[in-house]
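TrEMBL annotations:
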- 26-47: transmembrane segment (TRANSMEM)
- 41-289: domain 'G-protein coupled receptors family 1 profile' (DOMAIN)
- 59-79: transmembrane segment (TRANSMEM)
- 91-120: transmembrane segment (TRANSMEM)
- 140-162: transmembrane segment (TRANSMEM)
- 200-226: transmembrane segment (TRANSMEM)
- 238-260: transmembrane segment (TRANSMEM)
- 272-291: transmembrane segment (TRANSMEM)
Amino acid sequence: MDGGNQSKGSDFLLLGMSESPEQQRILFWMFLSMYLVTVVGNVLIILAISSDSRLHTPMYFFLANLSFTDLFFVTNTIPKMLVNLQSQNKAISYAGCLTQLYFLVSLVALDNLILAVMAYDRYVAICCPLHYTTAMSPKLCILLLSLCGVLSVLYGLIHTLLMTRVTFCGSRKIHYIFCEMYVLLRLACSNIQINHTVLIATGCFIFLIPFGFMIISYVLIVRAILRIPSVSKKYKAFSTCASHLGVVSLFYGTLCMVYLKPLHTYSVKDSVATVMYAVVTPMMNPFLYSLRNKDMHGALGRLLDKHFQRLT
């Protein structure tokens, strides 16, 4: 574990946030609870949208796919972390680590791109309401989602393949809850300049451009809302965007806490921020989208009523 130049066949050690047995027990129950809440919340969102024809609109189509992405995202990382917290063997194979990294990178990118498409959907709904049905046709929605999927897959493949070129020497201990890009690059003993350059270039394309697009969309949305004479209609228009704004703020806020810093300053202290975007954000999304959404409240109520009627 501690020596050798080529270490691609060796295991990594996922030590998590603490090596204390007492703290590990607390972390196990905390993350298990958060995982269950995330799974139940996102599954309910998907079932409510798919079972209610009134929610078969572009906004809820993208929301259901966002929930599916979040569900896949947490399942990629948390179950392995829970096993490690309860086991003495905290090893993860080289192939397993790269697989986890690929899905982590791809799904974060997909989350981001879907949020950008949802911002465009809100822009069309508020700024061009008369053309909404034709502008956001089912074919276009599927095309936009497919484009998001292709870009996120390519993004994940690029960074995973580049990681296979990296050589790891010495300690293979990862003081994180999963195999994360910056952590692996910190463990490298080969030249990672290409990885770092490509990470910045592709990150600008996948994250900064969509974020800029979202900012422009919301500037135009706010301008359109301010022109509405009725206060009640202003409130209704803003309420359709509030949930999305909350999710975007949480997503980018936690992501910036982790990645808007030089690679050499990346440390164990960033574990808390990593947990925020990897665990807390997917858990909070269903609450943010259903908390003040009457349509979602109604759909969830009807879904639960049907379920209880079948039981009785």
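The backbone N, Cα and C atoms fix where each Cβ goes, and this holds for glycine too.
Remember, predicted model here, so these are calculated numbers, not experimental data.
Counting residues 6+ beyond its ends, the transmembrane segment (91-120) has Cβ neighbours under 8 Å at 7-14, 59, 62-63, 65-66, 69-70, 72-73, 76-77, 80, 144-145, 147-149, 151-153, 155-157, 159-160, 163-164, 178-181, 184, 206-207, 210-211, 213-214, 217-218, 244, 247-248, 251, 255, 277-278 in the same chain. The average per-residue pLDDT of the prediction over the domain 'G-protein coupled receptors family 1 profile' (41-289) is 87, rounded to a whole number.
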